[in-house]
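Enquirer: Structure below; questions to follow.
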Amino acid sequence: GKLYRHAPTETSQATLASVSPVFAVMKFDKEGNTTYFEKKKTELYQELGLQARDLRFQHVMSIATRNNRIIMRMEFLKAVITPEFLLILDYRNLSLEHWLLSQLASQLAGEGQLVTYSLPFEFRAIEAILQYWISKLQGRLNTLQPQILETLEALVDPKLLSVDRSKLHILLQNGKSLSELETDLKVFKETILEILDDEEVIEELCLSKWTDPQVFQESTSGIDHAEEMELLLENYYRQAEDLANEARELRVLIDDSESIIFINLDSHRNVMMRLNLQLTMGTFSVSLFGLIGVAFGMNLESSLEEDPRIFWLVTGIMFLGSGLIWRRLLSFLGRHLEPPLPPHVPPVLKKSQPAAGRVEIKNSLKADTFGLNRTLPNQ
């Protein structure tokens, strides 16, 4: 009976252990030393004193604290920060691995250009990760901006009678990438703003305050380290806000350029329609007076065909009549298509306007003199 009860339990534990995911972990200590290892999720969260859901990384971007641990997620970057070390999970990414090996270790050791090098370890770790993510967003914007400006410059050219579809395809792809960048910036700002609005979370991010209170007296600048954390997060929030403003300006530029493109196309379309209308009126004029030639071309006998001057007379009447009708139609078209003239201003109003202007100038001069009279005694 005992064997029957315990056997399923041991089997289920072995099954769970075999199914549990394995993390590829890169560990950084305070001196910047790096170690690599692989560990199952069950063993890792037990060593860190966390729950299994804490290492689930449900959100695309999040910063949370659990049991004196900071859990950060920046899309593909997953990190767990403690007062003594930093763990990067699932680091096997080409761009991420290059940053980990070339920059992160030196920044955590205080050799980089971080502002928080004199503060506890968690400050340096948080700033290094935020700086990396802001630099990634800045790099994406720097890549998109010249491409969008170059494409718009080629599309907005008023000399073009048609739009290059390849340029439109490039602009569509860049616009999609710009929308993704705006979404990432918005999520990043919202994540930072949620922390800035909650003082307790800012206090919890200062891990050394709970492990070694003597470390957290005051910084070299004379302010509390919780305020240092708030200033740190606000700094990167402002950088994200600046990037969002630049991306928004690009979006407005794309929308304005689309309007200009449509206006240019409408203008060229109107020119072609007007030319087509003029040719149609010319064809109508020639056809109208061409009926005379049709009448003379019938197989009917009359005394007019015997006179050699009749041919030139009829031909002249046809061309002259067609030209006169065409000119009349063109003048009619011009009167209805040209913009109306501005309304006529009566001479009385024209004379009164300078007088009103002189009165306003005199009043302004009086006001200035009164202002001088009031300020001179004070001076």
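Every residue gets a Cβ built from N, Cα and C, even glycine.
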Enquirer: Per TrEMBL, which of 119-138, 279-298 is transmembrane segment?
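Expert: Result: 279-298 is the stretch TrEMBL calls transmembrane segment.
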Enquirer: Same chain only, please: residues at least 6 beyond the ends of the transmembrane segment (310-326) with a C-beta under 8 Å from a C-beta of the stretch. Say none if there are none.
Expert: 281-282, 284-286, 288-290, 292-293, 296, 304
